[in-house]
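According to TrEMBL, the transmembrane segment annotation covers 20-41, 62-82, 88-111, 123-147, 159-178, 185-205, 211-231, 243-263, 275-301, 332-353, 359-378. The Mg(2+) binding site feature in TrEMBL is assigned to Asn176, Asp244. The region 'Disordered' annotation in TrEMBL covers 386-405.
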Amino acid sequence: MSELLALADRGAGVPLRELALVGLTAAITTFFCTGGVRMFATRVGAVAYPRERDVHLQPTPRMGGLGMYFGVCAAIFLASQLPALTRGFVYSSGMPAVVVAGGIIMIVGLIDDKWGLDALTKFAGQVTAASVLVTMGVAWSMIYIPFGGVGTIVLDQMSSILVTLALTVSIVNAMNFVDGLDGLAAGLGLITAAAICIFSIGLLRSHGGDVLYYPPAVISVVLAGACLGFLPHNFHRARIFMGDSGSMLIGLMLAAASTTAAGPISQSSYGAKDMFVLLSPFLLVIAVMLVPALDALLAIIRRTRAGRSPFSPDKMHLHHRLLQIGHSHRKAVLIIYLWVAIIAFGAASTIFFEPRYAGAVVVGAIGIAIVATVIPLLRREDTDPALATAPDSSPGTEPVVYDEK
């Protein structure tokens, strides 16, 4: 009887209205706070001035992540006060952990936005924030291996700590790396957070509203709202950059959301036949890291073959190439959005649909994405083959506007 009462207390449906309210609160708070942060950043001199390797033409304030953090804190506080969501704070410390670890990331990011930090100091701050997540209970406890009949591996304490630290720091740096076009990091954060939220809602539905699945839903909807509220300030042409404070906050929250989503999932609850459901948290992590990881790999190969340092800057990143083949700034960003959305929502869809149906849709979407990516180049080749490698000077193709990276 006591077990039934505990189960009834933990499962009370899916609080969709409350989640929507929390996300809306994050969006509205971020939107209005970012305007004030912009004035503050300008006053204290936290401004990205154009450098030789940059192409933005005017100084732009940084520190946009501070406005996002205000939105995150306001939304999580509201969630802790709503009766339908309060129980999630009783059974998990995931949401408070995001606030505390996010505060550490915010301090490190704001200092970097104003004065600049060396890579080692920044890395130490990221590890500290990730360690706070682990200490407060946000950690990978099991991993599903689909090969060799291994199945679900339950991690011991040390393995859990190392896996969580490695994945968290990797995602934080991936978002930091990809923050190069106006609206890109915020948009990718919004897309991936929305996919994790949908996946978490599916978990809630299939487990009768078990509050063990509240943390990924709340964290992801809060992040989606914060990114949505920031985008009007940051989409081309940006009035403020999110800076390292913002990109690292997005990475930290995506890591926390995917980690808490993976925690309760095990082979015993789904069975080996639902392999894609078990792998979905990892696929969502891959969606976050795909673009920056691929870009970084190509950059290292390209620079090494040219006899230069792998860390030397150039203008041959993926977004540069999209601009070179004829995409405008906004279209280049939207193309990258599309590719990440295919992976993220493809992974999330496995909780609702049979893998073969979800896979068919993903394959079709990939075909559309390929066409959308190369169609400007095909049009130019049809017009004049000699222009296929020439820079596009049409009015719709603006120069890339960088963040301070």
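Backbone N, Cα and C atoms are what each Cβ position is placed from, and that goes for glycine too.
Remember, it's a predicted structure, so these values are computed and weren't measured experimentally.
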Lowest local Cβ density among Asn176, Asp244, which the record lists as binding-site residues, within 10 Å: Asn176
Cβ-Cβ under 8 Å with the transmembrane segment (88-111): same-chain residues at least 6 beyond its ends: 10, 46, 63, 65-66, 69, 72-73, 76, 79-80, 117, 121-122, 125-126, 128-130, 132-133, 136-138, 172, 211-212, 214-216, 218-219, 222, 243-249, 252-253, 256, 260
Intrachain residues whose Cβ lies under 8 Å of the transmembrane segment (20-41), provided they are six or more past its termini: 47, 61-64, 66-68, 70-72, 74-76, 78-79, 82, 85, 113, 218, 221-226, 228-230, 232-233, 239-240
Leading stretch by Cβ pairs under 8 Å, where the reference is the transmembrane segment (243-263) and the options are 62-82, 123-147, 159-178, 211-231, 332-353: 159-178
Top Cβ-contact partner of the transmembrane segment (159-178) among 123-147, 185-205, 332-353 (pairs under 8 Å): 123-147
Segment-segment contact (the transmembrane segment (211-231); the transmembrane segment (185-205)) at 3 or more Cβ pairs under 8 Å: yes
Conformational class of Asp244 (Mg(2+) binding site) under the three-state DSSP mapping: helix
